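Visitor: Pasting the feature list from TrEMBL:
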TRANSMEM  A:24-55  transmembrane segment
TRANSMEM  A:75-93  transmembrane segment
TRANSMEM  A:105-126  transmembrane segment
TRANSMEM  A:138-158  transmembrane segment
TRANSMEM  A:170-192  transmembrane segment
TRANSMEM  A:212-234  transmembrane segment
TRANSMEM  A:260-285  transmembrane segment
TRANSMEM  A:305-324  transmembrane segment
TRANSMEM  A:331-348  transmembrane segment
Amino acid sequence: MVALMRPDVAPQGDRSARARQATVVLFACLALVAALSLGTGASGVSLVDLAAGWLRGEAMAARDRVVLFDIRLPRLAMGMLVGAALAVSGALMQGLFRNPLADPGLVGVGAGAGLGAVLAIVLGGLLPAGLAAALGQYLVPAAAFLAGWAATLLLYAVSSRQGRTSVATMLLAGIALGALSGAATGILIYLADDRQLRDLTFWGLGSLGGASWQKIALAAPLILPVLLLSPLLARGLNGLALGEAAALHMGVEVERVKRLAILSVAAATGAAVAVSGGIGFIGIVVPHLLRLASGPDHRYLLPNAALLGAALLVGADMVARLVVAPAELPIGIVTAVLGAPVFLFILLRSRGILDL
Amino acid sequence: MLAASHLTLRIGRRRILDDVDFEARAGAVTAIVGPNGSGKTTLLRALTGEGAAEGRITLNGIDIAAARPARLAAVRAVLPQATPLAFPFLVAEVVRLGQRAGLSAADPGLAERALSAVGLQGLAARPYQELSGGEQQRVQLARVLAQVWQPVGPEGPHWLFLDEPVASLDIAHQLQVMRLARGYADAGGGVVAVMHDLNLTAMFADRVALLAGGRVLAAGRVSEVLTDTHLSQAYGCALRVGVLPAQGPYILPQAAGAA
């Protein structure tokens, strides 16, 4: 990472080779963090011991098998999915709004998705029994997805005039949306019973602690297509960096790119928030670090954001599990503690941002 | 050939363009002039398919309203008055954004050549945001040039649409940019430019459309359009063509390079 951050520049003003190197380095980082994450945990089961046992031809103990395949592996997979989803959503949203400060968590989309989930938790019981049974465990993620999508659309409509998106309006609208969903959540808390209150509290803190293969099966169909297909939007987002008119004249189907980007952000953020609650700063810090390291070209930014987001969140989860073991910190606290200073540092050293 | 007929555009009840006919040929520089608010930029936007004007526009026989953006991008590039840039791109990366939208996308040295053409050689690796306003405007021109680098393509002439290409430039760079446009037209491409500077227009344009109040006041050869009567009427002040001031220094671009 340190080598990647050096702001020196290739002679011809072409950073694509560096961005491709970054992809390789990030892939290696993710593999390393993933291996470390699989090997650490409150149970003390060590990957090295397991590997040694496997090499000696011993069968794995039932307890070790449960720890590895039903606790650590789903948690790792969910951390990678959620981290990648948040980082790619951030990059997409920043490209769409043409602003490096746009982030699904910062501008109210996360809050909208959270409100949808809270609504489903507290009022889900009021649904007709047939419908509730049909939706089953899909109810909460579906509500988070729809509410996140609605919040994204509302935000975009409020802050765009004649093809220009006002950043100030966007941030203020995000604050209003956040306040509104806060108030609505307050009402729901007032209405909730004890069990629902416990669910709600877990939700707000954000955690990978509830990871299970079922939750992954819910989130993956929404997140994976966004991760795999988002590079198709790269050319359009690069064009949009010069404004909508310039993008149009460079052959970009502007309205289609905007619609697909909004849909992708709503799907990925909605699914991530649905399974892991509110986890901040990944969406804003990851794309920013990558732009510093290898430039803003979305052809490389989007896949690299997925890799770095996954690696960072898995790393943060490891910290969350280890600092107060055998208990664990909510991961939202870890990402905020690590992310907020980075964010402030970015604000301090990027003069350009002050002009926005 | 660019042909537009009966263009009308209303904003609210006001007609920004009022039944405008416009023509431009490949191989010529066609200028659009007129006072502030006369509809010059709106006309250029309508001609490039931006904004929904009534009327019919064809470029090389392609119906602008029905064509896909990628089809048009291969044939013509557009330089707006000002271009915001959201992210910290390098100069050469901005130029390559244009290059990749056109037919010369695979040419590895094109960005450098386009930058040289606008007098910015050696700035390729600089962050775009660190350049001055005039330099940024020329980077954008290089981007637009890189998109339609060959003046004539497999399906006919290519086109440059320039909205006040020399507005923020010093006189030397004004001349450089206008010579570039002239050269593009001489090589068979089409150039349509919104101009404020009547001297540069007289120097470099083949044909001129003079707008006033959203209508075409006069259109044709430079000498037919830029007359005392037309200009005085359009700009609302008494103007004389070809008359030197009695006293005081004056600097004309026409005299540049004359010893």
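Placed from the backbone N, Cα and C atoms, the Cβ positions cover glycine too.
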Visitor: So which of A:24-55, A:75-93, A:212-234, A:305-324 has the most C-beta pairs under 8 Å when paired with the transmembrane segment (A:105-126)?
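Guide: Checked against A:24-55, A:75-93, A:212-234, A:305-324; highest Cβ contact count belongs to A:75-93.
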Visitor: Please report, as numbers and ranges, the same-chain residues at least 6 past the borders of the transmembrane segment (A:212-234) whose CB is under 8 Å from any CB of it.
Guide: 70, 74, 77-78, 81-82, 84-85, 88-89, 91-92, 95, 137-138, 141, 145, 257, 260-261, 264, 267-268, 270-272, 274-275, 297-299, 301-303, 306
Visitor: Against which stretches of its own chain does the transmembrane segment (A:75-93) lie, if we need a Cβ under 8 Å and a gap of at least six residues from its ends?
Guide: 30, 34, 37-38, 102-105, 107, 109, 208-209, 211, 215-216, 219-220, 223-224, 226-227, 230, 233, 237, 261, 264-265, 268-269, 271-272, 275-276, 279, 282-284, 286-287, 290, 298, 301-302, 305-314, 317
Visitor: I need to check the long-range neighbours of the transmembrane segment (A:138-158): which residues 6 or more away from its ends have a CB within less than 8 Å of a CB in the stretch?
Guide: 96, 104, 107-117, 119-121, 124, 127, 132, 165, 169-170, 173-174, 177, 181, 218-219, 222, 258, 262-263, 265-267, 269-271, 273-275
Visitor: List, by number or range, the same-chain residues at least 6 past the transmembrane segment (A:260-285) whose CB is under 8 A from its CB atoms?
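Guide: Answer is 78, 81-83, 85-96, 101, 103-106, 109-111, 113-114, 116-117, 140-141, 144-149, 152-153, 156, 202-208, 210-211, 215-216, 218-219, 222-223, 225-227, 229-230, 233, 236-237, 309, 312-313, 331-332, 335-336, 338-340, 342-343, 346.
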Visitor: What residues in the same chain, six or more past the boundaries of the transmembrane segment (A:305-324), come closer than 8 Å to it by Cβ-Cβ distance?
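Guide: Contacts of the transmembrane segment (A:305-324) (Cβ under 8 Å, skipping residues fewer than 6 from its ends): 23, 26-27, 29-30, 33-34, 36-37, 40-42, 75-76, 79-88, 90-91, 207-208, 227, 230, 279, 282-283, 285-287, 289-290, 330-331, 333-335, 338.
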Visitor: Using a Cβ-Cβ cut-off of under 8 Å, list the residues of the same chain that are 6+ residues beyond the ends of the transmembrane segment (A:24-55) and lie near it.
Guide: 1, 4, 63-64, 67-68, 71-73, 75-76, 79-80, 304, 307-308, 310-311, 314-315, 317-318, 321-322, 325-326, 328
